[in-house]
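Everything on this sheet refers to the single structure shown next.
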Amino acid sequence: MTKFIFVTGGVVSGLGKGITSASLGMLMKARGFRTTNIKIDPYLNYDAGTMNPYQHGEVFVLDDGGEVDLDLGNYERFLDTSLSFDHNITTGKVYSAVIEKERKGEYLGATVQVIPHITNEIKERIRRIARDYDVVIVEIGGTVGDIEGMPFLEAARQMQLEEGRENVAFVHVTYVPKLKVVGEQKTKPTQHSVKELRSLGIQPDAIVARSEEPLEESARRKISLFTNVPEEAVISAYDVEDTYEVPLMLEKEGLARYLVRRLGLPEREPDLEKWREMVEKYKSLDKEVEIAIVGKYVKLADSYLSIKEALKHSSVANDVKVKIRWIEAEDVERKGVKLLEGVDGIIVPGGFGARGSEGKMMAIRYARENDIPFLGICFGFQLTVVEFARNVLGLKGAHSTEIDPQTPYPVVDLMPEQRDLDRLGGTMRLGAYPVHIKPNTLAKRLYGREIVYERHRHRWEVNPDYIEKLESAGLVFSGIAGDDERRMEILELPDHSYFIATQFHPEFKSRPMNPAPVFRGLVRAARERKYGG
């Protein structure tokens, strides 16, 4: 019988429900249970694909092409797994499905309502995923009390009734502030949040109390008393330096152990040895390199969350910490490349649109001409081609037709299948595609394989008409699409210490114990630049 754990949030948003859910999933998997995570996003968008990163953080891309919430990236990294588009349930998806069924006459003339039709659709989607698992952790986005989240909380309540209390548990993540004026942790916001949850028919089984410092015993007792949750199930989740410490903290607090007993699962000791070694190694690193990320969404670091994590994974693999220098691409246009002085490596990440593109190309040229380890990703790959065409081939005015449709040298152009589309959502080249890697190249040394599968999210590509000219000037296209040999996937400069760019997003498949090869190589090159081989 599948066990369900619903994770809800209260008091304020941004508490770390995603990390809590991912950590709990990892602890269950470490006990040998077949575990997966589902994220519910109550917004009306069908998916995250058309959202501004400043509003919602990065758009994470799955193997099947799903454009989803960044929390699914945390789930994949913590559980070392690959999820599907169905693992992200949105209000947009649910309502679209219900309206489609109504139009087909599947409700037999009934008045279609939130209860039971919307709630039934939600439950059906959760159960569809659950068939192959022992434990399913469902994170409900937003905060208890939000209008958008009400149908999902109601569906969760109904699931406990239908599946049986012994098969469904609730974990509520709250915030316990400490006021400087009185110097004590205040539990009243948590009490009110649980009161709101109970008014919806849900009694939490465990409370994860987020705070700056470890939860005081007096606060733990008070939360237990006023929320009707056992003291052992009031979990202290205080701020830590590294999110990968959270599973170890929650294990020490006994959250998974308590839920295993609560759900009648066999009690097992988790295998956390490798995870603990990884965390301890990261904390003990004494060398440091600085890598610049030159982007257009750098004011919100979550816009590039997977890149941050891939650098962290690679830092452990290379015995050196990575300090990130966040640089707004438009600032490079205004202030020049002096903003890049002293860095040990440069990344130009993905993005869309003209804003900051010239600044990104200034950074690419600086890396190329000064032999600074460089990695370009997606749009960064395309702009690397543009920069090379302009400054090495001498094609003045060369550009991508995305930015300059009238460019005399369209070295980057819209893919043929992307023309004449009447909608933006879900229409890019999305998901995992095969990439064929050429022998005797940097890419082959990094990957060690001839064929790799990497995740994509793009509409533009290197114009096949210019490939021969670019290669004759020294640019090496070392990776080619498996589905179209005229589509370039990886480029590199062989006479450079480390200069590589990819049309795909390698960060989406990077894992704590298995860093993405191009990131691992970048950090290694940065370390060698600073400390020698």
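Backbone N, Cα and C define each Cβ position, glycine as well.
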CTP site partner of ASP146, ILE147, GLU148, LYS186, THR187, LYS188, PRO189, THR190, GLN191, LYS222 (as recorded in Swiss-Prot), chosen from SER13, SER21, SER23, SER315: SER13
According to Swiss-Prot, which candidate in ASP63, ASP64, ASP69, ASP71 joins GLY14, LEU15, GLY16, LYS17, GLY18, ILE19 at the ATP site: ASP71
Record-annotated L-glutamine site (Swiss-Prot): member among GLY25, GLY351, GLY431 besides TYR54, PHE379, GLY380, PHE381, GLN382, GLU402, ARG459: GLY351
For the ATP site built from GLY14, LEU15, GLY16, LYS17, GLY18, ILE19, ASP71, further residues of that chain with CB within 8 A of the site's CB center: GLY9, THR20, SER21, VAL173
Pairwise Cα distance for ILE147 (CTP binding site)/PRO189 (UTP binding site) [Å, integer]: 19
Entries of GLY18, TYR54, GLU139, THR187, GLN191 which, being binding-site residues, have CA atoms within 10 angstroms of CYS378 (active site, nucleophile): none
Euclidean distance between Cα atoms of LYS222 (CTP binding site) and GLN191 (UTP binding site), Å: 9
By Cα-Cα distance, the member of binding-site residues THR190, LYS222, PHE381, GLU402 nearest HIS505 (active site): PHE381
